[in-house]
Amino acid sequence: MTPLTLMNLMIMTLSYIIPILIAVAFLTLVERKILSYMQARKGPNIVGPFGLLQPIADGVKLFIKEPIRPSTSSPFLFIMTPILALLLALTIWIPLPLPFPMADLNLGLLFLLAMSSLTVYSLLWSGWASNSKYALIGALRAVAQTISYEVTLAIILLSTIMLSGNYTLSTLSITQEPIYLIFSSWPLAMMWYISTLAETNRAPFDLTEGESELVSGFNVEYAAGPFALFFLAEYANIMLMNTLTITLFLNPSFLNLPSELFSITLATKVLLLSSSFLWVRASYPRFRYDQLMHLLWKNFLPLTLALCLWHTSMPISYAGLPPA
């Protein structure tokens, strides 16, 4: 590989990663503002105009603090897991069309599913490496919850693949030009939305960091820079799941819109969907753990399996009919 090719690759990678990190930083500000207005208070409004520089101030503060490591923790894993979490959270964005993917993979949806499954390891190892009972319980809960809800996510993805006919995400744009998939498969979209809430450990499914019982969950022993990396990874995953939801069910490709507006439309829809995540957080109390698991294994799984069979069998059964 020539130095020029290597430099081009680095510039492409940075131009892909930096906007995501900036969006993640300002999503934290949006969250604090929305929650504060829902609770009849102002939220951050001191640092910069209307508190717009608050995420930058928070980031600088966290990264210049001294990173404290518990004496009984595993030194290598304790430092490596936050880096792994952020690395995976940024790698998953590669096949997403925004409007063009960084790598147009044939099996883009499978890549997304595989990479999101790997994030479980960063949670589990961080809880184990901390050598704290609260962190370990939080990590085990996170792993059980994430692995469980990935089952329904995979089946729903399979159903959408049946409708689009391809594993590449850009095909979904062509599929949804006449009508959004949310209209034809709204039960799948509703279950997908709730499963993404659980997959990203957001309220009311934030069992992993229940403050009243686990202090802060798997990241209880982390401070300063490593904590900031976990924080960035969590919010990057939230934005990724929302972008994927929009791509699957509310694709921003319009027949009459110029392609230059694709990114603006996508960003607006992702922001609105992220705001609904925050609305849910402000409105609902935390689920009990057994209710969380019953919701998936006793309600969502039978429904998604039935709908997957429906989406598989209907085109085949109608294919034999004569045209109207």
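Glycine too: its Cβ is placed from the backbone N, Cα and C atoms.
Annotated features in Swiss-Prot:
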TRANSMEM  10-30  transmembrane segment
TRANSMEM  76-96  transmembrane segment
TRANSMEM  107-127  transmembrane segment
TRANSMEM  143-163  transmembrane segment
TRANSMEM  178-198  transmembrane segment
TRANSMEM  229-249  transmembrane segment
TRANSMEM  260-280  transmembrane segment
TRANSMEM  300-320  transmembrane segment
Selection from 107-127, 178-198, 260-280, the stretch that has most Cβ pairs under 8 A to the transmembrane segment (143-163): 178-198
Criterion met for the transmembrane segment (178-198) and the transmembrane segment (107-127) (at least three Cβ pairs under 8 Å): no
Closest-packing stretch to the transmembrane segment (229-249), where packing means Cβ pairs under 8 Å, from 107-127, 260-280, 300-320: 260-280
Distant-in-sequence neighbours of the transmembrane segment (260-280), which means Cβ under 8 A and at least six residues beyond its ends: 27, 30-31, 34-35, 38, 98-99, 197, 202-204, 238-239, 242-243, 245-246, 250, 252-254
